[in-house]
Amino acid sequence: MAAVALCSSRSLVFLFSVFILFSGGETFIRQLSVELNPGSTSTPPGGDLLHVRAVGDNDTLHFLFCSQGAPTLLLVHTNSSSSTVKVDWSQFVAPNTSGSLKVEPESSVQYSSAVVFSKLLEYDDVNDTADPTSDLLPPYELQDFTWSRLNLSGPTALLCGSAPNATNGSLCLKLSVFDSEGRSQSWPRLLHTANSSQLGVWLDGLLPRATRSRFLLELQAVGRTDPPSRVEVHQSIDDEYTPSIFQVSQWVSSENGSSDVLGFVQWKPVAYRRSDPVLEDATPCRHSDPRPQSGKAAPSGLIRAFYSDPDVFGLNVSFGLGGEPFYNSTRFLSWTMLVGVGSPPVDSFSPLVVTIMAVGLGTPVVLLLLGGVWVCVKKRAAASTTAYEPIN
Amino acid sequence: MPGGSYDQSPTSSSSSLLPSVFPSASPKQTNMPDFEERQSLLGDENEGSFTGRQTARGPDRPMPAICDPSHLLHRVVVLLFMCFLGFGSYFCYDNPAALQTQVIQDLNLNTAKFMQLYAWYSWPNVILCFFGGFLLDRVFGIRLGTIIFSLFVCVGQVIFATGALVNRFWLMELGRFVFGIGGESLAVAQNTYAVNWFKGKELNLVFGLQLSMARLGSTVNMNIMGWVYSRVEDLVGSGHTALGISLMIAAVTCLFSLVCALVLAFLDKRAERILHKEEGKTGEVIKLTDVKDFPFPLWLIFIICVGYYVAIFPFIGLGQVFFIEKFNFSPAEARAVNSIVYIISAPASPVLGFMVDKTGRNVVWVITAVVATLAAHMMLAFTFWNPWIAMSLLGVSYSLLACALWPMVAFVVPEHQLGTAYGFMQSIQNLGLALIAMAAGAILDTRGYLVLEVFFCACICIALIAVVMLYFVDYLRGGDLNQSAAARAKLQKEATSDAEIKRRPSRLTEGELARLAPMSAFGLRNRYLSRLGAQLPDHCSSHLSSLAHRSVLK
């Protein structure tokens, strides 16, 4: 019992410290400015370029989102609050030219990495094992998709594309950049900071080519020297924001041999089969190990324009496990990830949980102490006044 | 009002406090319910006279031991049927938990709707806890009542399975409702049969066996239904049809129990004819106006009961998927760890019951059990430690609580209010279970397992607050809830000698009463401890049907 008491008191201390952390932590705020096709006089052919500049106290984050070729999000971190993006548009729209997009001054660039959505893979899961190595159907190359113009609303941008020969159905990406810490309203409700942006991907109404189709998404991480190269899977006891999901996966980049994380792609291993999901619409995801993609240039205009000889790592995210309903059941799949610099954000208990536990554990303890004192006082009073009377 | 017809005048209630082993001069002495209820039909003293009467009246044909109702061998046969009488109901009660993923997937439910299946089971019992005993005693009689309740269980399960077959969720809810009407009352009937056949003999053992049987039913269900479903799925393909067929297969256990009820009715009737004995009675006296006289500690016990059990049963109902999703268990493993609570409580209940009985200090034991349960729930909520640890702890503390909490009721209310107190306790417990089952599903659907576990922890914390208050209230009132067994024995001794002195005059005048073993109030209350499997002297053990409900038997 003593051990239990110790345990509960320790957790109380822990809970209180979390509580202090909650109330005491001040949020870091960045100034956001959004610019579509910076420096261009006309709408460029082949896709828009979105530039979101997030200025902090003494640094700037440049979020560049582009649909020239495969959709790409490029994140550049500079240590100057006045760094800018320069685009040479005549070169930028021309294929096979590099160096048309620069962040100036170039010496201020601390870190840059990009995520490219390169392929959508579909396979016929005949045996319902969700093993994507068998029966792969011809992949959708996302660079061949017909991409819409970017649909902006504040610091979020929506990009939808459809497959070359498909009559209906689309793959959409939604980029949200944030000026401060928070969570979006819909699941998986990832915690974001001012140092990260959220990318939601969903597949809506695309006709499956088999009745038992499942999908995979091929992602590439691109960087000049240290692209995200390893995936860490962390267990988390906290599934409050993403019910029934107790893991978070982080695709991180770090300098050789160092444990400091420079940039990350973070996601929870869950996708949803409806646009307005309930818990039963959640479907688990898995990812393959990231593998270096030597000599395979990512098919993205933005990568070509910014990097001359980048390092590329690729991995696949597969949606659904054996026994889970197939894509055909709802013809919808949505998945969300976070892309940012620095260390990935870590979930902590919500004030609700902390309050309930503090009150729940605190009240009996307080009651026990008060009652003990009361009984002692009463006993002493009884002993001093009626010393010779039996207590009962 | 069921208890209204009982004579509650002071004189008769004082006579009802008289001890239990009461050889009645004539079996037709039915005007005194308390006498007849405690009457040991096969009591040691009576056996000879019964046999004598039998040979005197009936044709003198020797019966083989197995057919002779007064013979042990025959009673063993009866016991077999008695044990399997409840098997179906216990097997099917946790069918939804055993097939949680399948039910949710095949019928496109969310967890809140799924938990409705448990809520609908509890709803009828909010009322029936008060009337089950009355119905058995006054309306149907034990034999017909048992058959009727078995039918309810059987029909309920069939409706439930049909609902799955035709993919109508409301029909499944209706099935669970009908099943609930039968389920709890069947436990009361099973208990009454046991008392009727085994009182004064092997009653503790019989209760123990019934308890083990109940747990066997739950455990077998947890571990076999997944396999049954997958077999059916292989045959007819996945979907609600497979679920319906699996549940129909589960209904066979209910049918089996119904057959047991019919056989028991026949055997009981036959024993009555041969031995000229009475039909068994539950002896439940429910008087709802007693509620206003309940002392403060009893209300605290109610709070403990509700706060504690709502964090156990709904959790087990949702446990399987929790273990799969949080701890990456395979479905079979998850079902196994989910059933460990029942498995542990089978051997732990008698041992812990004995321990609590020998040491007394019930409040401290309850505090221990509640704190251990809180620790187990916190382990499940805040750590990734192997859930076998937490669930085993939960199993032990759950059994300990049952052994320490339920007898406490008998210490705080007078004998004649016990039936009402237990009925009321079960009623609000069922109400709590129904409401919390629904709330738990809704919380899980929107906020996830952590918040759900925190919610269960909060429920346990409420129970903890109540038990801490109970400790101090009892301390200040100088109550005997937390006395050691030695102190209680001393009290009992004093009370006994008091009773001896008081009874002396009547002993002189009434020769019949002189044969009674004098019993104090404690001695009478002690009878209720026997429900928990503790080995008590036979003259102390009796029955209390209202204790036979699921929460205690599990």
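Cβ atoms are placed via backbone N, Cα and C, with glycine included.
Note that the structure is predicted; figures quoted are calculated from it, not measured.
As given in TrEMBL:
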COMPBIAS  B:9-27  compositional bias 'Low complexity'
DOMAIN    B:72-477  domain 'Major facilitator superfamily (MFS) profile'
REGION    B:1-61  region 'Disordered'
TRANSMEM  B:72-91  transmembrane segment
TRANSMEM  B:118-136  transmembrane segment
TRANSMEM  B:148-171  transmembrane segment
TRANSMEM  B:205-229  transmembrane segment
TRANSMEM  B:241-267  transmembrane segment
TRANSMEM  B:296-316  transmembrane segment
TRANSMEM  B:336-356  transmembrane segment
TRANSMEM  B:363-382  transmembrane segment
TRANSMEM  B:388-412  transmembrane segment
TRANSMEM  B:424-444  transmembrane segment
TRANSMEM  B:450-473  transmembrane segment
- Paired segments the transmembrane segment (B:241-267) and the transmembrane segment (B:72-91) in contact, 3+ CB pairs under 8 A: yes
- Message: Which sequence-distant residues neighbour the transmembrane segment (B:296-316)? Criterion: at least 6 residues beyond either end, Cβ under 8 Å.
- Response: 94, 97, 115, 118, 338, 341, 366, 370, 373, 377, 394, 398, 401, 405, 408-409, 412-413, 421, 424-425, 428-429, 432-433, 436-437, 440, 456-457, 459-463, 466-467, 469-470, 473-474, 477, 479, 481, 551
- Item | Considering the transmembrane segment (B:424-444), which listed stretch of B:205-229, B:336-356, B:363-382, B:388-412, B:450-473 counts the most C-beta pairs under 8 Å | B:450-473
- Highest-contact recorded stretch vs the transmembrane segment (B:450-473), from B:72-91, B:205-229, B:336-356, B:363-382, B:388-412, CB pairs under 8 Å: B:363-382
- Highest Cβ pair tally under 8 Å against the transmembrane segment (B:72-91), stretches B:205-229, B:336-356, B:363-382, lands on B:205-229
- Note on the structure: With the cut-off at Cβ under 8 Å and a gap of six or more residues from its ends, the chain residues touching the transmembrane segment (B:363-382) are 304, 308, 311-312, 315, 322, 356, 389-391, 393-394, 396-398, 400-401, 403-405, 408, 449-450, 453-454, 456-457, 460-461, 463-464, 467-468, 470-471, 474, 481-482
